[in-house]
Amino acid sequence: MAPYLQTSLIWIAYAVAVGLALFAAIVTTFTWQKPRERSAVVNTVAVVSLTSLLATVLLLPVDIALVSSTGSVHLGVNKEWATPEHVAGMLRTLQIVYYSLYSLDALLCLIVIPFAYFWYEEYDEVEEEEGTRSTGAKLWGAFKYTSGFIILVLILFFVGFFVPAAGNQKGGHLDLDYFKRLLAANKGEKALTFAVGLLVCLGTLLYVLYTSSGLALLPISFIKSAPSISAPQLSETTASALERNRERQRQLELRNGGNHDEMPSKDRRELESLVREERTLVRRARLAAEAQGEGRSWVYRTWTKICAVFRPLKLVGGILLLLVSVIVWVSMLITTIDKASNSLCKGHCGYILGQIKIFQPVNWLFLQAAKAFPVDYIIMAFLVLFFFSSSISGLATVGIRFLWVQIFQIRRGRTAPQAILIATVMMALIILGINYSIAMMAAPQYSIYGTQTFCTAEPTAHGKQPDCSEHPEMVRPCSEGFKQPLAKDICTPSVMSTFLNRVTLNWPVFGAVDFWAQVAFLAVFLIVLVTSLFRTPKLNMSELDEEAEADEEEGLLASTGRRFGATWQDITGRSGQASNQENGDN
């Protein structure tokens, strides 16, 4: 009963996490999308896709938890209930869930999302009102463009089905049972391995750009979130500028007797410039008033004050996240050096590391946390979500680009539906890169075997498990490098690590690209971190004015509700100088 209870609790926790992922996907989609350009089709596809992606990335802690539950950490042997048949059934269930989620992700990202993208592009408001184009015509137009992606999926599958695996030709020198099992795959598995391996490579390239940037920028955004001007101060500064502007307009009109037709061209140009500036200042004053809660309910004003009060906690959280980022970076650097120096077969198998030779902080932390169940699984879930959130942060900062040309911006409340769909596809590929990075670089030993250990003593009789109850020093953490025959029966690798190692062993070029991309990841993170640490956050007034103008055109000024820094001023509602004057500029 105990093993079934533990397994059930793990799956129940996963189901709850997926439910929270659905809620997060809904909030994320509606928060980032333009309110006036919302589409039911785009929203549904984006929510389902994001939920599927989060469910996929959250499956890794479940995978590790299940394989870890099969063994006794202190004795280095399988538990009584962990028979080969029971373990095989558990792994088969995990494989089914993995294959189902990855197949769903591939279907969504390569077919459904492109179809939704072209469906939205086919939409025309005039044709919709006049009824000149049928739904069937729009469906055909979207399917016509989506067919190219369907052909791409078929090509990937058939190439993987017929291309011989390079690992089969170079695997003869690998005398470890673990690697031999990785090479044993049928044609269907080989085709799927090739397709996913190629997508992992593409995702790793995006991961290098976006996740590395986000991993550095996300903590810094918490630490340096306070801009250099507060809402009360912005209101006062804007009011002063608006008063000077109108005074100058009155001077120009008095100078020319109020006759605009006889006004010199120089004065006319200056007056036109002042009028444009006045409109900008009026919009800015409205935003400052809304930021202070004027015209809003007491609930909103109270919430704004609470956020200002707890802003120091945001600073502390940013410092802690920065510490986590640095520790993860150091751990990945150590793993990179360890793999480059001590890999069993170097580039021939994608730099698979048989056993950790250098102390690795993150891996050590997981092994120590495993002593207090389920702390290690909670930390792993946090690490996975931290990488995921960092990817979103990097995507929002960098935007969707082709080379140096920005195609779409990812901004809260201003993201076009097309950008939402493209960003979802990019996040799907990045998820593959995150899975590789966490499993192979951040916590390589823990991600493969979890907390499993192996008793190196010889069994007392044939068919019996070894006994290390009186020799705890002979209990070692499981690793791919063990050559004992019983090791393969006691040490059960996670499904994710097995799949990734199969990719890198069968197609070493994928493994080489994924491995050396981690070096680029470390370099980009360091550059972005150092740069952002020495940059002072500034309030982008031009961007603020653009957003205010867009809100005014859309009639959405009531929902803007921006907050500015200067904690104490936002709490008191004063700028530290004279009280704000009424603008009367509406």
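FYI, residue positions are counted from 1 along the chain as it appears here.
Any Cβ shown, glycine's included, is placed from N, Cα and C.
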In Swiss-Prot, the N-linked glycosylation site annotation, restricted to N435, N540, falls on N540
Could you pull out which residues elsewhere in the chain have a CB under 8 Å from any CB of the transmembrane segment (509-529), counting only those six or more residues past its ends?
166, 197-198, 200-201, 204-205, 207-209, 211-213, 215-217, 220, 325, 329, 332-333, 336, 339, 347, 349-352, 433, 436-437, 440-441, 503
Do any residues of this chain, six or more beyond the ends of the transmembrane segment (420-440), have a C-beta under 8 angstroms from a C-beta of it, and if so which?
29, 32-33, 42, 45-46, 49-50, 53, 56-57, 60, 105, 108-109, 113, 116-117, 120, 196, 199-200, 202-208, 210-211, 332, 335, 383-384, 387-388, 391-392, 395, 400, 407-408, 410, 447-448, 494, 496-497, 500, 514-515, 517-518, 521
